[in-house]
Each structure stands twice: as structure tokens, then as C-alpha cells.
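Q: After the C-alpha cells below, expect a handful of questions from me.
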Amino acid sequence: MSRVDKNGLAIETVLHDFLVEEVLPGLAVDADKFFADFSAIVHDLAPKNCALLAKRDELQVKIDDWYRRHGAPADMDEYQSFLREIGYLLPEGSDFQVSTQNVDPEIASIAGPQLVVPVMNARYALNAANARWGSLYDALYGTDAIPESDGAEKGKSYNPKRGEKVIAWVRDFLDTSAPLQDCRWKDVGSFAVKDGALVVRSIDGEQAMLTDGKHFAGYRGDAAAPTHILLKNNGIHIEIVIDAATTIGKADPAHISDVWLESAITTIMDCEDSIAAVDAEDKVVVYRNWLGLMKGDLQEEVAKGGTSFIRTLNPDLQYAGPDGAAFEVHRRSLMLVRNVGHLMISPAILDRDGNEVPEGIMDAAITGLIALYDIGPSGRRKNSRTGSMYVVKPKMHGPEEVAFAVEIFSRVEDALGLPRNTIKMGIMDEERRTTVNLKECIRAARERVVFINTGFLDRTGDEIHTSMEAGPMIRKGDMRQAAWISAYENWNVDIGLECGLAGHAQIGKGMWAMPDLMAAMLEQKIAHPKAGANTAWVPSPTAATLHATHYHRVNVARVQQGLKDRARAKLSDILSVPVAVRPNWTPEEIQRELDNNAQGILGYVVRWVDQGVGCSKVPDINNVGLMEDRATLRISAQHMANWLHHKVVTEAQIIETMRRMAAVVDRQNASDPAYQPMAGNFDDSIAFQAALDLVLKGREQPNGYTEPVLHRRRLELKAKHTA
């Protein structure tokens with residue numbers, strides 16, 4: 001492969017040419033200065049990056065040794081004393097309040113769903129950006145949120161019986177979200193706007209008003225017969241679409257043809273766990289899509305029902321306010337970008353000594369450069385109206401690593417001529433050392449932080465790896481009931497509120513991983529806003545629309561205010577180790593656990609390694625489709641490695657299980673023409689060997705991360721195909 005030397009950086013030609021030909025020409029940034037500054041950042045900060053990773057390993061060695069001598073901690077005071085002694089658990093400083101400035105309301109004050117989407121896939125990225133609004137009728141009709149009983153089957157064509165149930169559900173929702181005086185929404189016959197108020201006439205001819213006139217936010221069309229009514233509740237919008245020409249509208253007394261909800265308020269465009277980018281060629285795909293999003297010209301041809309069309313970013317729409325004055329409603333999700341963490345290095349660029357550069361530094365510099373199309377001196381200001389860039393930084397271990405990310409961002413700002421603290425930071429609370437030192441982590445980024453989020457999946461993977469030597473872990477399905485989990489979730493909210501995040505930043509909760517089970521999500525995920533989270537992750541635009549209903553039912557700002565006086569969750573609970581005290585699992589239970597873990601690992605890894613797909617819906621052992629990414633992979637691999645280490649299972653048992661479940665995964669992928677079967681090809685299947693590595697060498701992986709194995713095996717496969 002060819003490289004271009006720029007100030008001591010040997011950049012792969014495909015990446016260099018992308019920067020020089022596609023990114024830099026549209027910006028008021030001198031190319032030579034950019035590369036000189038980029039090189040200085042890499043050469044100054046890469047040694048610090050390496051030192052922080054070495055510290056992770058040093059701490060793990062000490063913790064492993066302690067567990068070998070003591071087992072799972074019985075005396076929590078003694079355990080905490082040890083963690084303080086080695087510098088794992090740090091002293092907590094005085095109280096403070098974050099001081100982040102120029103934060104868009106989508107993050108600072110609007111509570112609502114958040115999508116995480118692989119930015120490597122242009123279609124998914126566009127769908128997510130456009131998921132700021134979604135049809136509640138469609139979301140209910142097309143999912144199991146409405147049961148298919150009593151003749152309400154989905155079918156291949158429109159089922160009026162099902163439609164009636166959807167409409168009834170939505171009318172009940174409107175009765176609680178924007179109630180009318182002396183009238184139910186099911187009895188509405190017409191709308192008009194008079195004297196700055198929404199006037200409703202019932203099918204009986206009676207006039208009614210909104211119980212709270214502040215719920216009326218605007219309209220489109222003629223005031224006497226509007227085509228769109230905009231309502232607002234708890235800071236987020238509802239749009240009622242009136243159109244008698246449609247099948248639904250014609251049959252409706254008020255000609256309501258649809259009800260749309262403001263849905264994915266924010267979206268994380270992901271360069272990390274949901275993608276498979278292992279070389280310069282892959283990274284250019286990532287960066288090119290981010291460029292299209294920042295320039296506003298990303299497009300993708302989409303084939304549907306025998307025809308195709310070009311999907312682009314939705315434009316904002318003009319509405320008339322209650323007073324008749326025009327205003328604009330945002331129709332795109334506010335975009336954050338998730339860079340990779342501090343661990344990985346990339347072959348896309350080599351430093352002056354021939355070392356691969358830290359990928360997190362590369363991401364910060366290049367995604368930051370591209371963001372100038374939105375926030376630079378001549379930026380569009382179509383993503384961030386306040387001129388901020390939002391970077392989610394994952395997998396950081398403790399405040400020293402957060403401070404290092406702050407230093408990277410500062411250096412990038414200087415290189416790009418941006419004011420200090422333009423680049424905001426989202427802190428993923430997904431590593432144990434960050435959790436227990438969360439207040440100090442936030443302090444390290446107090447002028448930049450816009451987001452803290454519990455990542456149950458990665459956090460469980462780190463929990464298992466950190467305490468690998470303590471004993472065999474409880475079964476994976478029992479982990480959600482472990483003492484540390486609820487304490488961790490509450491602690492994140494408690495610390496966030498203590499540090500003044502309310503009204504300034506997001507306090508987030510994790511992913512609903514079952515995209516087909518929307519009825520269950522509607523029932524259960526309301527727990528997130530009730531717990532004080534003003535955002536939570538959803539797996540699809542449809543899920544975002546359904547989850548948005550929870551933010552109409554729960555006033556998160558009020559919940560947060562009520563939680564400020566709650567006693568902080570206990571550190572001792574967070575530090576409790578989820579080992580099985582007296583494991584008495586039957587052979588059948590052990591095998592079922594192995595089967596379930598192996599199936600998830602293989603189903604995800606085979607598509608990652610063979611096809612470069614970083615996020616997959618993988619059927620579990622009960623045939624429930626689960627969203628799998630590297631975080632879920634980390635749990636499953638570490639869990640199997642833990643049981644192997646503590647002799648709950650044998651290596652032979654794991655290999656037999658993997659081989660048997662490979663055949664199951666092969667059958668599940670039989671309809672995919674690009675799929676390469678693993679069964680009968682175990683020695684030559686690079687994907688199967690990667691899955692085995694993740695388990696059999698799980699204890700050796702840094703903090704239990706899966707990226708080193710996946711990247712190595714994917715590069716091996718790509719090299720094999722180009723040989």
C-alpha cells in the first residue's frame with residue numbers, strides 16, 4: 001500500500017487524498033498547517049496515550065493478585081482500602097457545578113430518545129438523522145405494540161380493524177398529553193385557530209379548548225382550516241396531520257390522517273462499537289459519511305417496492321405560531337459523533353518511528369476538521385445552532401483518561417482555530433474505574449461535558465474482567481438483578497445531578513436491545529425517564545417514536561428535581577462482585593448458558609469478520625432477535641472465559657459448543673448469499689477462529705475488549721481476499 005509523508009506522518013494514500021481533495025478545499029484551513037499541527041498532536045500525545053494504557057494493565061495485575069489471595073471481597077472496608085492504596089479508587093474533591101456553555105437545547109433542555117447508528121452505513125445514518133420525527137400511527141400499526149388479536153392482524157394490505165385500534169390508542173395518548181376541556185380527542189370533529197388559540201369543535205358541534213393553552217405551539221395552512229396542528233408537552237412536540245384525501249383521513253371525523261411525534265431528539269453517529277473499520281479504506285467510508293452529514297449533502301439511493309428514490313437529509317419546516325408569526329421547526333436529529341476510545345491504534349497513519357497512531361487521536365482531528373463545515377467561521381449551523389461539536393468519548397477508565405481526552409480536544413481546537421471548549425464531551429460511564437470515580441471524571445471535563453450515560457453492556461464486560469480472579473460469575477441473565485447494577489444506575493443519576501447536569505447536559509440510560517419487542521419496550525422503558533434520565537438509547541427510528549411517548553407521560557425535569565434530595569447510591573453496592581457464592585448449576589443449566597453465549601458470539605463475529613458488519617440483529621437461543629455489537633460480545637466472551645478459568649466448564653466443552661452452535665448460526669444465515677458457512681470449515685474459517693480466540697484467550701484481552709482480536713482477524717481476511 002502507498003503512503004504520503006506529511007510532517008512525519010505516513011498517511012495511507014486513500015486517506016490522504018480524501019482529506020486533500022474532499023475535505024480541505026471547502027474549508028478556510030491551510031492544508032500544510034493542518035498536517036503540521038496534526039503531526040504535533042500525534043507525536044506529543046501518543047506517548048501519554050500509551051502510558052495510560054500501561055496504567056490500566058498495572059492496576060489489573062494488582063487487582064488479580066488481590067483476588068487470588070482473598071477471593072471475592074467479604075470485608076468491603078478492606079477491599080476499598082486496597083483500591084485506594086493502588087490508586088484505583090481516588091479521593092473525591094469538593095462539590096462543583098459544570099459550566100459548559102453554548103449547548104443546543106436538544107441536549108441541554110429537551111428530554112427524549114437517542115439513536116446510536118453506524119455512521120459507516122449511509123442509509124442508516126440518514127434514517128437516523130431524519131428520525132427527529134416519526135409517525136405514531138405507523139409505529140403502532142407495524143409493530144407488536146398493538147396485538148394482532150380480535151381480527152387486528154397486520155396482513156399484506158391495510159386492515160381497518162387494526163387501524164381502529166391504532167387510532168384509539170393515539171386518541172387516548174392525546175387525552176393525557178394534550179387534554180381538551182369537556183371533550184375527548186376521539187370526539188373531535190374539526191380544528192381552527194382563533195385569537196392565538198386552538199379551537200376544537202366536537203362531532204356534536206360543541207366548542208372545546210385545550211385544558212392548558214400552552215400546549216398549542218403552532219400550525220400550517222389556513223388558520224380557519226389548518227393542515228397541521230403543532231402541540232407541545234414536556235418540551236417535545238406532537239404534530240396532528242389533517243388530510244381528507246387519504247384513506248385514514250377520509251374515514252376520520254376530523255380528517256386526521258396521522259399523528260407524528262418528535263422522536264429521536266439526538267443521534268450518536270458512531271465511529272466505534274457498531275462499525276467494523278480496520279484500515280484506511282474503511283475509515284474513509286466513516287469520515288466521508290460524516291462529511292456528508294456536516295455538509296448536508298449526504299444521499300443514498302434506496303430501493304423499495306420495485307422502485308428507487310434518493311434519500312437526503314430532511315429540511316426544516318416553517319410553521320405559524322399561535323400569534324401568526326413564522327418560525328422554524330427542526331426536522332433533523334441533533335448529531336453527536338462517537339470517536340473510538342484510547343485503546344486502539346490504526347494502520348491508516350504511521351508516526352515518524354513507524355508506529356501506528358492512536359485511533360482516538362486520529363478520530364478527534366479528522367471528525368473535528370470535518371465538523372468545521374457546520375461550526376466553522378463559514379459553517380452552515382444546521383446541526384448545532386450554538387456552534388458546538390459534540391463528541392462522545394467511550395471506554396475511558398477514570399478521571400486521568402477523561403483529562404487526556406480534554407487535552408486532545410484542546411489541541412484539536414487550537415489546530416482548527418476554534419474557541420476553547422467548542423468541542424463538547426459525552427462521557428460513557430461504561431468502565432468500573434470511571435463509575436467509582438464519576439464525580440472526578442465529570443470535574444476533569446466540567447467545561448465540556450454534555451452527556452453522561454450508563455452503558456450496562458460494556459460495564460458488565462468490565463465488571464467480569466476486572467474481577468476475573470474473584471471466582472465464577474453468576475449467570476449472564478441474572479446479572480441485571482445483581483446488587484451492583486441498580487446501584488450503578490442510580491449512582492450515575494445521583495452524581496450527574498450533584499454536579500449540576502440538569503438543564504445543561506444529558507443523563508442517559510442504555511439500549512433496548514430487542515428491536516422486534518416493542519410492546520415490551522412500551523411497558524418497560526418508561527422506567528428510564530422515571531429514573532431521572534433525560535435520554536435513553538433505542539435501536540431504530542420506530543422505537544424512538546414509541547419511546548417518545550414516555551417523555552410525554554413523564555416530566556423528567558420534575559423527576560430530576562425530586563431526586564436531588566435522594567441519598568446517593570452506595571459505593572459498597574457498586575463494588576460488590578457478582579460471583580456465584582455457592583454455584584450449584586445443573587449440567588443442563590451450564591450447557592444452556594454456554595449455548596446462549598456461543599450463539600451470540602458466533603452470530604455477531606461471523607458477520608463482523610467476514611462481511612465487515614459491526615452491528616447485527618442476531619437471534620438468541622429462544623429465537624428473539626437481539627441487537628449485538630462489541631459491547632454484547634464483550635460480555636458473552638468474558639463470561640465464557642470466566643467459567644473456563646474457574647473450571648465450571650472445560651476447553652473441550654467450549655470448543656464442542658462453539659462447533660455445534662456454528663451450525664445453528666449457519667442455518668440462521670442460510671438466506672444470505674454472501675454468507676460463508678463455518679460448520680465443516682472450522683480450521684479455515686477466520687471468523688470461527690476469531691470467536692474461539694475471544695473466549696479461549698479472553699483473560700489475555702486488555703480489559704476484556706474484543707477489538708484487538710476482531711481487527712486482527714478482519715485484516716487477516718481482507719489480506720487473504722486481496723492476495
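Counting begins at 1 with the first residue displayed.
In case you wondered, yes, glycine gets a Cβ from its N, Cα and C as well.
Among the features that Swiss-Prot reports, active site, proton acceptor is placed at Arg338, with the record citing sequence analysis. Under the heading active site, proton donor, Swiss-Prot lists Asp629. According to Swiss-Prot, the feature acetyl-CoA binding site maps to Val116, Arg123, Tyr124, Ser274, Arg311, Pro539, an assignment based on sequence analysis. Among the features that Swiss-Prot reports, glyoxylate binding site is placed at Arg338, Glu430, Gly455, Phe456, Leu457, Asp458, with the record citing sequence analysis. According to Swiss-Prot, the Mg(2+) binding site annotation covers Glu430, Asp458, on the basis of sequence analysis. The cysteine sulfenic acid (-SOH) annotation in Swiss-Prot covers Cys615 and rests on sequence analysis.
What's the neighbourhood like for each of these?
A: The Cβ of Arg338 (active site, proton acceptor) has 25 other Cβ atoms within 10 Å, all protein chains considered. Secondary structure at Arg338 (active site, proton acceptor), taken from DSSP and collapsed to helix, strand or coil, is strand.
Asp629 (active site, proton donor) carries neither a helix nor a strand DSSP state and counts as coil.
Neighbour list (Arg311 (acetyl-CoA binding site), Cβ cut-off 8 Å, at least 6 residues apart, same chain): Arg123, Leu126, Asn127, Asn130, Gln299, Glu300, Glu301, Val302.
Secondary structure at Leu457 (glyoxylate binding site), taken from DSSP and collapsed to helix, strand or coil, is helix.
Glu430 (glyoxylate binding site) has a Cβ environment of 26 other Cβ atoms inside 10 Å.
The number of other Cβ atoms within 10 Å of the Cβ belonging to Cys615 (cysteine sulfenic acid (-SOH)), over all protein chains shown, comes to 25. In the three-state DSSP assignment, the secondary structure recorded for Cys615 (cysteine sulfenic acid (-SOH)) is coil.
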Q: Cα-Cα, whole number of Å: Asp458 (glyoxylate binding site) versus Asp629 (active site, proton donor)?
A: 10
Q: Select the closest residue to Tyr124 (acetyl-CoA binding site) from the following recorded positions, measuring between CA atoms: Glu430, Phe456, Asp629.
A: Asp629
Q: Out of Asp458, Asp629, which of the recorded positions is least crowded by other Cβ atoms within 10 Å?
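A: Each of the recorded positions Asp458, Asp629 was scored by Cβ atoms within 10 Å; lowest is Asp629.
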Q: Could you state the CA-to-CA distance between Val116 (acetyl-CoA binding site) and Cys615 (cysteine sulfenic acid (-SOH)) to the nearest Å?
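A: Val116 (acetyl-CoA binding site) and Cys615 (cysteine sulfenic acid (-SOH)) have their Cα atoms 11 Å apart.
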Q: Which one is it: of the binding-site residues Val116, Leu457, which Cβ has the fewest other Cβ atoms within 10 Å in this structure?
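A: So among Val116, Leu457, the binding-site residues given, the one with the fewest Cβ atoms within 10 Å is Leu457.
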Q: Using only C-alpha positions, which one of Ser274, Arg338, Pro539, Cys615, Asp629 is spatially nearest Phe456 (glyoxylate binding site)? These are the recorded positions in the record.
A: Asp629
Q: Here's one to test understanding: among the recorded positions Arg338, Glu430, Leu457, Asp629, whose C-alpha is closest in space to the C-alpha of Pro539 (acetyl-CoA binding site)?
A: Asp629
Q: Using C-alpha positions only, work out which of the recorded positions Arg338, Glu430, Leu457 is nearest to Asp629 (active site, proton donor).
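A: The smallest Cα gap between Asp629 (active site, proton donor) and any of the recorded positions is with Leu457.
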